[in-house]
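According to TrEMBL, the protein carries these features:
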type	residues	note
DOMAIN	B:68-113	domain 'NADH-Ubiquinone oxidoreductase (complex I) chain 5 N-terminal'
DOMAIN	B:146-430	domain 'NADH:quinone oxidoreductase/Mrp antiporter transmembrane'
TRANSMEM	B:31-54	transmembrane segment
TRANSMEM	B:85-108	transmembrane segment
TRANSMEM	B:129-146	transmembrane segment
TRANSMEM	B:152-172	transmembrane segment
TRANSMEM	B:184-205	transmembrane segment
TRANSMEM	B:300-321	transmembrane segment
TRANSMEM	B:328-350	transmembrane segment
TRANSMEM	B:356-375	transmembrane segment
TRANSMEM	B:437-459	transmembrane segment
TRANSMEM	B:480-500	transmembrane segment
TRANSMEM	B:531-558	transmembrane segment
TRANSMEM	B:641-661	transmembrane segment
Amino acid sequence: MQFDTSMLIPVLPEIFILTAACVILVVDLFLKEEQRVISYGMTQISLLLAIVVTLMTAPAETRIVFDGSVIRDGMSDLLKIAIYIISAGAFLYSKDYLKDRDLFKGEYYVLGLFAVLGMMVMVSANTFLTVYLGLELLALSLYALVAFDRDSANSSEAAMKYFVLGALASGMLLYGISMIYGATGSIGFQAIGEGLANPDVNKMVLVFGLVFVVIGLAFKFGAVPFHMWVPDVYQGAPTAVVTFLGSTPKIAAFALAMRMLVDGLGGLHADWQYMLVILAILSMGLGNVFAIAQGNIKRMLAYSTISHVGFILVGILAGTTKGYTAAMFYSIVYAVMALGAFGIVILLSRRGFEAENLEDFKGLNERSPWFAAMMLLVMFSMAGVPPTVGFFAKMFILESVVSIDMTWLALVGVFFSIIGAFYYLRIVKLMYFDKPVDASPLEAGIDTRIALSVNGLSMLALGMFPAGLLSLCSAALS
Amino acid sequence: MEKIYLLIVLAPLIGAIIAGFLGSKIGRAGAHWVTSGGVGLSALLSIYVLLQFINGSTGIYNDSLYIWMVSDGIRMEVGFLVDQLTAMMMVVVTFVSFCVHIYTIGYMAHDEENWPKGSLAGTNSYQRFFSYISLFTFSMLMLVMSNNFLQLFFGWEAVGLVSYLLIGFWSVRETAIFANLKAFLVNRVGDFGFILGIAAVAMYTNSLDYAEVFKLAPGLADTQISLIGGTEWSLMTVICICLFIGAMGKSAQVPLHVWLPDSMEGPTPISALIHAATMVTAGIFMVARMSPLYELSETALTFVLVIGATTALFTGLIGVVQNDIKRVVAYSTLSQLGYMMVALGVSAYAAGVFHLMTHAFFKALLFLAAGSVIIGMHHDQDIRNMGGIRKYMRITWITSLVGSLALIGLPGSSGFFSKDAIIEAVHHSSIAGSGYAYFAVVSGVFITALYSFRMYFLVFHGKGPRDEHAKAHLHESPKVVTIPLILLAIPSLFIGMFTVGDMVFGEWFKDAIFVLPEHDTLSAIGFHGTWAFFTHGIFGLPTLLAASGVAVAFVFYIKKPELAESWKKRFESVGIYQILDKKYGFDETYQALFAGGSRGIGKLLWNVGDKGLIDGLIINGSARSVDRFAGWVRNIQTGYLFHYAIAMILGLLVLLTWFVIA
């Protein structure tokens with residue numbers, strides 16, 4: 001491999017985040033307890049600067065460096081920027097929550113930044129090896145984050161389950177990769193793509209490997225039946241962690257699917273299309289139906305995630321640029337919606353009190369009409385009510401499958417969305433039509449207030465003007 | 001210019017938003033300043049735009065400002081088309097709206113008395129009213145300035161919404177709620193046709209943009225489509241009639257006219273603004289704007305003509321027997337809208353639009369004057385209780401006289417030019433139905449004069465008000481009420497003579513309105529200058545009929561009131577009076593047939609379909625089964641790690657067997 005320094009430029013964002021994480025780790029050592037906010041500030045500034053670095057180093061055309069390991073293209077840039085912004089939002093929401101519970105530690109932010117780095121590597125991966133590297137970096141950071149409140153039995157249990165199942169899924173993914181390597185003799189995506197075109201290649205082995213790869217992916221997404229960890233982790237982990245874990249990793253998972261299935265195994269589209277059909281239908285169906293039966297808001301949102309994942313998979317399985325664009329739009333929008341929903345859950349929690357049950361939303365309108373309205377927007381968006389952005393996200397997905405003559409799948413999606421609308425609207429009903437159990441006013445810092453307002457109103461703004469984000473997405477994929 | 005157009009549209013919207021959302025903060029004065037200021041600014045800028053067009057220093061503007069979305073190649077956008085027609089409409093809308101804003105300050109000054117004490121709806125009602133009328137101005141401007149069908153539809157529905165809100169403004173009155181519901185439902189019928197028309201346009205031209213559709217239209221003139229029952233229809237006829245059904249709802253044409261008289265339940269300023277001067281003329285404007293489509297279908301033109309002529313004559317007749325001052329003016333509005341439609345039907349679009357403009361001024365004037373009388377009479381609206389008011393309210397009296405004279409077409413006044421142009425155009429038309437229309441519009445002139453001056457004499461002349469108490473308190477309204485009257489009286493008298501040459505017979509509309517040479521009735525009239533038109537008209541049949549209408553009114557209601565009584569008895573004995581009094585029974589029929597019928601069907605569906613099938617079986621049934629299923633499957637989520645792992649392995653096995661083995 002020829003090395004020259006210009007190869008470092010495409011990976012500068014990753015280098016920057018890595019450096020920032022290390023610097024914060026060291027600086028944090030020398031901080032007093034009450035100065036912890038400096039680590040927080042540095043993390044946010046790093047994420048902000050990462051946007052600048054990413055924009056400044058954005059290449060005019062796709063660049064593949066380090067012997068084909070890393071790719072820097074329009075998609076990676078857009079997704080990374082979305083990851084920075086949404087992660088920063090999650091860190092912002094979690095600040096007060098962590099402070100109230102004596103969890104306000106530098107490690108949280110360092111682990112968070114490492115997770116961001118892992119996602120960045122995934123997004124820019126161009127070989128199975130790089131994919132795996134990013135995936136594990138993200139997963140290990142998340143395991144630790146889930147167990148962050150280590151005195152809590154629930155958190156530890158959740159982390160344990162997540163870890164064991166994650167290890168199982170990683171094992172399956174690696175096994176699948178080895179099969180594909182065996183059949184094509186390569187782990188680079190371009191090389192695999194060429195290998196698939198070769199008529200001598202053993203189709204049986206390939207499909208065998210493909211099944212394992214898809215399962216690894218499905219676990220990352222939390223698609224049924226590889227979703228079992230999702231509700232337990234969402235419920236057990238501290239809400240602050242769930243805010244992070246429930247939002248950005250969906251974007252990374254989308255990138256994972258694009259890199260592995262489309263870039264690498266695009267030649268097997270006919271095979272993985274039907275695998276994803278099964279996963280998508282099961283996810284949309286069970287996710288929505290299970291969510292209805294939940295009384296715990298975090299569990300409910302966990303099942304809601306699963307159903308949204310089903311929708312993202314529908315977009316990917318369409319196998320057309322239109323479908324990928326729609327799925328990309330959906331995953332970014334979903335991350336923003338999830339961020340808003342958990343932001344409100346965090347807002348409702350106080351020292352010594354976890355807002356976990358649906359009852360805690362009762363009469364929110366009387367306690368704070370503004371935040372109730374924000375939650376209303378987020379819920380409408382999740383349910384897909386126009387003119388919120390959730391409607392357009394769903395519509396683009398449905399359009400993309402209708403255009404490949406799979407109208408029946410669109411109908412299935414619509415059918416389950418209707419079922420899903422029930423539990424989102426139930427929250428709205430609780431907020432607006434029930435009397436509050438606990439009438440104490442909500443306290444929040446000005447930063448949280450502004451962020452939540454921006455977050456909620458973005459549902460409306462993106463819904464009124466969906467063309468902007470959509471054209472960004474389609475430009476990133478072309 | 002683009003910035004100016006945006007400002008014209010947005011200034012009223014901003015005013016409406018501020019007055020609506022911050023009404024309690026800025027108070028009453030704040031609300032009327034901010035909204036009147038916004039609309040005043042729009043009016044000034046609109047006049048500026050019009051002047052630019054008159055001296056030719058600006059051309060037609062047609063551009064899209066924002067693409068909302070593109071679906072299947074159809075662009076949905078926000079854009080403006082500003083040509084001579086639009087510029088004229090913008091001035092009419094903003095000018096009348098501005099007058100109405102000023103007038104409202106006086107008219108609504110004691111609005112709190114109209115609400116039960118301490119009611120929530122009555123709080124800040126003054127600010128809310130201003131917010132609504134400003135919002136209306138915004139919507140109407142969006143409608144007239146649109147360059148595409150989607151925005152037209154947006155404006156169309158938005159003005160309908162505000163009209164609904166304002167008719168039912170006094171929401172504690174049952175009659176007001178009945179009236180606004182009626183207006184809403186009747187307009188639904190019209191809008192259904194309208195949206196079908198737009199859908200047909202989009203389907204066959206794959207565009208919503210006016211310019212593109214008009215360019216493609218001639219190519220589609222011979223297209224036939226088959227509708228229900230396999231009958232063949234000309235596409236253009238279907239499109240035009242569908243669109244016209246929308247216009248029938250909005251512009252209150254027979255048989256969809258029933259909502260307009262009831263809409264008088266709303267406060268008088270909005271009757272003047274929405275239900276006389278602007279919103280109800282949206283249908284006229286729309287047909288004129290669509291002239292490139294209507295010209296391609298003589299069937300549709302005949303349809304427009306016959307509906308218009310029927311409305312013009314028969315609703316005017318009802319006006320003769322009404323006793324509520326506002327309802328007389330409302331029926332007169334219906335009849336005048338009919339005149340405008342007739343003009344459109346004979347392809348004299350310019351004359352129709354010209355009458356729209358003159359009518360906007362004098363009818364707004366008549367309504368506002370009626371409102372001034374109502375203020376003076378302490379909200380008694382029965383003209384039989386009035387009389388001799390001229391002695392107490394000089395300005396209202398004079399301006400009302402001006403308005404009435406313009407309405408009946410006193411030679412030289414605005415109404416004279418616009419109405420004569422229409423009648424002459426019908427006379428020169430050879431399209432099917434023009435004979436009937438000529439009869440209707442000419443006899444309509446007599447009817448118009450009769451009911452206008454019946455009202456005028458009963459209100460302003462004769463002996464003073466019956467009620468001594470009312471008489472004692474009768475005095476002229478405040479300046480904010482009378483100044484708009486004077487402002488409107490001026491164009492009511494004079495605008496016609498200065499503009500008729502250019503607007504109706506000249507080149508003014510040549511780029512905005514399209515007329516086929518064989519339909520061009522206006523140039524068939526042969527115009528030789530305003531003066532010649534005037535002298536010709538003085539001795540024409542319409543003027544004669546108008547004069548005799550006034551004379552009959554004078555004899556019946558001033559000279560020999562007993563004569564009116566005996567004629568009334570005579571008509572009663574043959575049943576004509578009752579027919580008119582019942583307004584041909586439209587209301588009763590609709591209520592029995594449509595309202596009653598749909599309630600019957602609704603009840604049936606509710607009992608059998610909704611309660612039994614949907615609620616019982618599908619909703620509750622499926623909800624129960626979803627619930628049961630969810631309760632059952634949640635047992636799968638046991639919380640045990642090994643169960644989870646098993647589920648994953650099972651999933652793997654299923655996928656493997658499905659895709660690898662099979």
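The first residue you see is number 1, and the count goes up from there.
Every residue gets a Cβ built from N, Cα and C, even glycine.
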Stretch-averaged pLDDT - the domain 'NADH-Ubiquinone oxidoreductase (complex I) chain 5 N-terminal' (B:68-113): 88
Surrounding residues of the transmembrane segment (B:31-54) on its own chain - C-beta under 8 Å, 6+ positions past either end: 1, 4-5, 7-9, 11-16, 18-19, 23, 82-84, 87-88, 90-91, 93-95, 97-98, 101-102, 104-105, 126-127, 130-131, 133-134, 137, 141
Contacting positions for the transmembrane segment (B:480-500) when only residues 6+ beyond its ends and CB under 8 Å are counted: 96, 99-100, 102-103, 105-107, 354, 357-358, 361-362, 364-365, 368-369, 371-372, 375, 395-396, 398-399, 402-403, 406, 412-418, 421, 530, 533-534
Within the domain 'NADH-Ubiquinone oxidoreductase (complex I) chain 5 N-terminal' (B:68-113), residues counted as helix, strand or coil by DSSP: 27 helix, 13 strand, 6 coil
